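What follows is a single structure, written as structure tokens, with notes after it.
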Amino acid sequence: MTLKAWRSILNRVIFIPQRYVLGIMGLFALANSLTMRVCLNMTITQMVLHTQLSQHIVGETCPDNNNVTAAGSSNSSVTFKGRDRYDWDETTQGLLLSAFYYGYVITHLPGGLVAEKFGGKWILGLGILCSSVATALTPWVVSLWGAIGLFCIRVIQGFGEGPVIPAFVLLLARWIPPPERSRFGAMIFGGAQIGNIFGPYISGLILADGGDWANVYYVFGGLGMIWFIFWVLLCYSNPNSHPFISDEERNYLNKNVAASGLHKKLDPVPFRALIRSAPLWVLIMAAISHDWGYLTMNKDLPKYFSAVLKINIMDNGLMSTLPHIAMYISSFIFATFCDLCIRKKWHSIGTGRKIYTTIAYSVPALFIILALYSGCNRVEAVGFFIVSMVFLGGFYSSVKINAMDIAPNYAGTCSAFVNGIGAISGIITPYLIGLLTPNVSIINIPST
């Protein structure tokens, strides 16, 4: 049977437009990458000795209603359901939580450049696969080499996930027409919030009643490997290389997607022009600001709930997901309204990006501060965090996709600059929090 005949059959069987298939697979990719990235945020509460927390001065933490006690031991680890617990202080934990971003930052720019040269499909897919294998190997590495091994394997995870965002921005620039980009950006990059929702929640279910923390890594690493198989079979770097896209959709995309690189070889990346670009530096500064606040919440919220508010591990998993659920829902609302305004010509694309950047950066900061001064009122604290993340949903209609607006042919490189430099916050903030809060307490948390 000829290729044309196969295409005809597949076109009749697969009626979903292929850009939507790409969007759905992209959502799962970001969800998988985030579950693997954040699983340490939950498991570290069960990997460390509780004696680290019991040394606080009475009155600096909230009442503990969980009636959980830990045997004081001078050993570096104690056996717990077949796994060791480790005597890691807050500074060490901060370094471990930031380790991922050492690798993540380094591979952003190379990943974006390689994706522009060879296409985003394989760069993104192999990156997720690398992170998945590293995640599944984490318990074994920690059992052999402790904190040093965990630090190194997290760096390797970061290496794998570094090219993911630049490659996806490039794929969006090749596949999605400008009037649809806010919606697709919210859908795909909102997958990060799906990961932030299900990652802590599933981790909480696995860890409840003293569950083995190693199972968290096996589950999320395995899901990433399964995703890779479907990605290889279903997704392609651009419409013209897709074997079973309909002629109607291909013609539509070739006509409407503002990416001339679909049809001709790109010139070398104009690094000098990019470095001198004021809009690009504005995006970089915006990304640093966003990541500073978002990654602080993302990494330390489970520890804050556990160590300060004394929320048990099961409820911690649920409470940690609520702000991300709110952000995921609001991101679609903001994106839909933004695209509507652009189609109706109520404002330009540039004005829309500025409006939602302002919303996403000003309002959340206020509510995060209010949450940290809520004391031991768990409902009030969680409520303020939820409201802050609602407004942070505007981020996906603004800074996150703006790189493809200013330079669609070099969207991968621009995104690598923006997301990579912004992610340096992920290196600094966990370590800085560990230094500022050597004893996690209700008194010194607001100082961060």
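Glycine is treated like the rest: Cβ placed from N, Cα and C.
Just so you know, TrEMBL annotations are computer predictions that nobody has curated.
TrEMBL annotations:
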type: TRANSMEM; residues: 20-44; note: transmembrane segment
type: DOMAIN; residues: 21-448; note: domain 'Major facilitator superfamily (MFS) profile'
type: TRANSMEM; residues: 95-115; note: transmembrane segment
type: TRANSMEM; residues: 122-142; note: transmembrane segment
type: TRANSMEM; residues: 148-172; note: transmembrane segment
type: TRANSMEM; residues: 184-203; note: transmembrane segment
type: TRANSMEM; residues: 215-236; note: transmembrane segment
type: TRANSMEM; residues: 273-295; note: transmembrane segment
type: TRANSMEM; residues: 325-343; note: transmembrane segment
type: TRANSMEM; residues: 355-375; note: transmembrane segment
type: TRANSMEM; residues: 381-399; note: transmembrane segment
type: TRANSMEM; residues: 411-433; note: transmembrane segment
Seg_contact(the transmembrane segment (95-115), the transmembrane segment (148-172)) with at least 3 CB pairs under 8 angstroms, min sep 6: yes
The transmembrane segment (355-375) and the transmembrane segment (273-295) contact flag, 3+ Cβ pairs under 8 angstroms: yes
Intrachain neighbours beyond the transmembrane segment (20-44), with Cβ under 8 angstroms and 6 or more residues off its ends: 14, 93, 96-97, 100, 124, 128, 131-132, 135, 150, 154, 157, 161, 164, 168, 171, 175, 184, 187-196, 198-200, 202-204, 207, 213, 216-217, 220-221, 223-224, 227, 230-231, 234-235, 298-303, 313, 316-317, 320
Residues from the same chain, set at least six apart from the ends of the transmembrane segment (122-142), whose C-beta lies under 8 A from its own: 29, 32-33, 36-37, 39, 47, 83, 107, 111, 114-115, 149-150, 152-154, 156-157, 159-164, 167-168, 171, 213-214, 217-218, 220-225, 227-228, 231-232, 235, 237
Contacting positions for the transmembrane segment (273-295) when only residues 6+ beyond its ends and CB under 8 Å are counted: 357, 360-361, 364-365, 368, 392, 395, 398-399, 402-403, 406-407, 410, 413-414, 417-419, 421-426, 428-430
Ranked first among 184-203, 215-236, 411-433 for CB pairs under 8 angstroms with the transmembrane segment (148-172): 411-433
Taken over the domain 'Major facilitator superfamily (MFS) profile' (21-448), the model's mean pLDDT: 80
